[in-house]
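First the structure, in the form of structure tokens, and then the observations on it.
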Amino acid sequence: MHILVVSVNYRTAPVEFREKLTFQAAEIERAMTTLQNQKSVLENVIVSTCNRTEIYAVVDQLHTGRYYIKKFLADWFQLEIEEVAPYLTIFEQDGAIDHLFRVTCGLDSMVVGETQILGQIKDSFLEAQQVKATGTIFNELFKQVITLAKRAHSETTIGESAMSVSYAAVELGKKIFGELTDCHVLILGAGKMGELALQNLYGSGARKVTVMNRTLSKAEVMAEKYMGHAKSLSELQCALLEADILISSTGASEYVITKEMMTKVEKMRSGRPLFMVDIAVPRDIDPAIDELEGSFLYDIDDLQGVVEANRAERLKEAEKIQFMIEEEIVLFKTWLSTLGVVPLISALRDKALAIQSETMVSLERKIPNLSDREKKVISKHTKSIINQLLKDPILVAKEIAAEEGASEKLALFAKIFDLETEEVESRAEEVEHKRVWTPSVPSL
């Protein structure tokens, strides 16, 4: 089995391509179910955010797995593989594990150290579990990754100097306008990104805030928290007349603000400039609007300059987290190396249980007058004896599994206990396709 990551991210693909390969939240579970049925794919988790679409997979063959994941992406978004391939980055084995840790800890984010990605990874993993797209390997790996990411943010100061993309958008506005106290700010979208932007705007002194959303009630709830006003998107054109700063993140599949709409609005703004930041993927604002004289449009890729301001400080903390990641990878690989011994241990326990069961049958035949309580006591104690006898051999088997040349030693182990090869292979197949995480083999 192999671990594989196929990634489209802000480092390798411009926003106009990333928005073509963005999974809508409502289709993620269906996408993972579809991918799970692809040849070679044993487990998968799909993560899709404004800056990346990534497929994490356990595959039985690397070459076949790579091909069918690329094909899945192309088919899902109705593109040719040749169109998609140039923008893909592929990580394998140790590189794939390291990438997942770095992404979840915020080290691979446009804004190094941001915490939003941790929640997004966790949500994607839980969705994958719900549709049974994860199994033994990913259930353990993602558990370790999420735990480490939380520890990294609590044990370092990377979160103190890190910024979200929403914060970067606000910082850009402050560079242009200075104080935001007198600026009329318009927020399009009442989701997480919109609220993060509003939090940062409020913290920077903005008080004239309007929140707009397709569902007015959501806009009202968010606006009330920050003493702003809420309006329906049907009033968008009027709101654009009043705004000085616009930050948009609606998650709509088509442009919310078109060049035609903005051309009409500009004529009524009496030459007042409008600073627009589009942090949505797919984009909310028609990029052609930047051609208009009074509209200054920035998209998510333009925020990189603002992000760089605090980068040096964050990178110092990132080095500490990378060291933590490397330690955690060693622990995961040790666990992974012992996974192959589970079928052997299971076969050994099954053989011991069969002997105990045969002994109980023989005992009941020789002493037919045993009460039910006496049978239970005898059964419990014979199982206890077996568990104590097997404890040390099982620990040794696990240690051997983590060593070089383990296969020959484990073969000798199987021979000593007269374990049938077919039985062990059958157990291995069960483990390989298991869909529920089991951290250890249960005792008898």
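Backbone N, Cα and C define each Cβ position, glycine as well.
According to Swiss-Prot, the protein has these features:
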- Cys50: active site, nucleophile (ACT_SITE)
- Thr49, Cys50, Asn51, Arg52, Ser109, Glu114, Thr115, Gln116, Gln120: substrate binding site (BINDING)
- Gly189, Ala190, Gly191, Lys192, Met193, Gly194: NADP(+) binding site (BINDING)
- His99: site 'Important for activity' (SITE)
Using the Cβ center of Thr49, Cys50, Asn51, Arg52, Ser109, Glu114, Thr115, Gln116, Gln120 as the substrate site position, which other residues in that chain lie within 8 Å, going by their Cβ?
Gly106, Met110, Ile117, Val165
For the substrate binding site, please report the maximum Cα-Cα distance among Thr49, Cys50, Asn51, Arg52, Ser109, Glu114, Thr115, Gln116, Gln120 in Å.
15
Residue pair Gly189 (NADP(+) binding site), His99 (site 'Important for activity') - Cα distance, angstrom, rounded:
31
Sequence gap of 6 or more, Cβ distance under 8 Å: name the residues on the same chain that satisfy this around Cys50 (active site, nucleophile), in order along the sequence.
Arg18, Thr22, Val165, Met193, Ile279, Ala280, Val281, Ile300
Local backbone state of Gln120 (substrate binding site), from DSSP in three classes:
helix
Taking DSSP as the reference, which of helix, strand or coil describes Gly194 (NADP(+) binding site)?
helix
How many other Cβ atoms are found within 10 Å of the Cβ atom of Met193 (NADP(+) binding site), counting all protein chains shown?
26
